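Asker: Quick paste from Swiss-Prot:
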- Cys408: active site, nucleophile (ACT_SITE)
- Cys73, Cys79, Cys82, Cys154: [4Fe-4S] cluster binding site (BINDING)
- Gln279, Phe307, Asp328, Asp381: S-adenosyl-L-methionine binding site (BINDING)
Amino acid sequence: MLDKNTNLTHQSKIEFVNSNLRGIGFVNNTKIEVPYSLPGDVYNVTFFKKKRRKPSAKLELVSQTQRSFIPPCSAFTKCGGCCAQHISYQDQFRYKTSSLLESYKKDFEIVPTLYPAQKTFYYRNRMDFAVFPGPIVGQREAGSFRHIVDLETCLIQSKESNEELYRFRNLISKFPNLPYDRKSDSGFLKYFTLRKAKNTSELMTILTFVEEFKNTIEEKEFENVCLKSLKADHILFCFNRRKGEISATGEIKILKGMDSYKELVCGKEFRVPFDSFFQPNPEGFQPILDFIEKEIPDSFDHLVDLFCGSGFFSRIFAHKFLKITGIDSIESSLEIARKQMSLDFPKIDSSYLKVDLFSKHSSSKLKVLFSSSDKDVLIADPPRAGLGEFVLDALKDSKVSYFFYVSCNPTSQKSDLWKLKDFFQIQKILITDPYPQTPHLESVAFLKRKNFTT
């Protein structure tokens, strides 16, 4: 318990680093999380409480244990992007996975396979930089949405993207009145987005403006300068609400190239629309795909692709099936899936259905789908929150024989697997790390229905 006098200062020593890559210390029985810290660091901790809010803590560094690893980025601890450049990658991966490893051993008597990152920098295929008056171009400040840290380069995006960022910074310096001022509600340019394919050479640059900039003399002048200065294969202007803080969304104008870029995954071509989600690190995600390819059993007819998006998994593994059913809630993504599947695999019986899997109305449709055959293989790649109660309930009564559960949040994944433990047996689990310098992981669990016999 905290002292009644919340203004008292206490001293706390960091004891360990948790899976979120934050140092953990204690004041009496109260846990303190400290970013950018390591075991042995000592802090003065002063608690304070605002009305109707939980107590907060002010931290003051007293002493710091010797660092053996120097962060390569000068903006580290100021920029809100990376959180672990002060930790060697080997230790990062150990911190991120150790608690998961132990909990799977304890709760499921299974040892996950761990696959660390092969590339720890220059791996992301998309970065969104806010543009503020100054001009300032950068990422949100750690712990603050109102301020950004000016960045000349970013070590987790590609070198080609950094070259384009350099060109843009030189360009925008000649237009000091163009950046949108959130305080005075003046100016036009809000975001600068870079999307660089990993397995092709294509680069896309997207500039997001307020709607009022469209069809102005200033827009035409800036368009001409962009075409002369920027080198991306695809250059787009995007226009959306003045008060909206969303990048690369809205009405577009194509200055150069197309509104999508080409990426290759497992030898298959994907057209990635300017405003759509795609795996941030396709190279780092490849172990997940290799795992599924190896474990998919032979002689199964039907693939069910839940949370299918634009049909990423369907297209990669379609050659193993006679029929594919994809389900998602976003019609624009489903249209892409239908079009690409009909082009790539015209002889496969494929259908992509619009269903909100987090709505109770999905229950009846899922139960019909999951009870159709013993020859079904399921791949599900849900959002961070997990499968949701309606998918879980449908799976408990299903005839699905084999189930691949892909997750960007292994913690919620493990919680879902515990709820399914009486119905499915975990065969194998792979945990991999496409996102070094951050606390995020990707994992895939391969499950077999308990009452299924081959």
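Placement of Cβ uses the backbone N, Cα and C atoms for every residue, glycine included.
Are these features on the surface or tucked inside, and what touches them?
Answerer: Here the Cβ of Cys408 (active site, nucleophile) has 19 other Cβ atoms within 10 Å, regardless of which shown protein chain they belong to.
Proximity of Cys73 ([4Fe-4S] cluster binding site) to non-local residues of its own chain (separation of 6 or more, Cβ distance below 8 Å) is seen for Cys79, Cys82, Gln85, Cys154, Leu155, given in sequence order.
Asp328 (S-adenosyl-L-methionine binding site): 22 other CB atoms within 10 A of its CB, across all protein chains.
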Asker: Should Cys408 (active site, nucleophile) be counted as helix, strand, or coil on the basis of DSSP?
Answerer: coil
Asker: Of the binding-site residues Gln279, Phe307, Asp328, Asp381, which one has its Cα closest to the Cα of Cys408 (active site, nucleophile)?
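Answerer: Its closest listed neighbour, by Cα, is Asp381.
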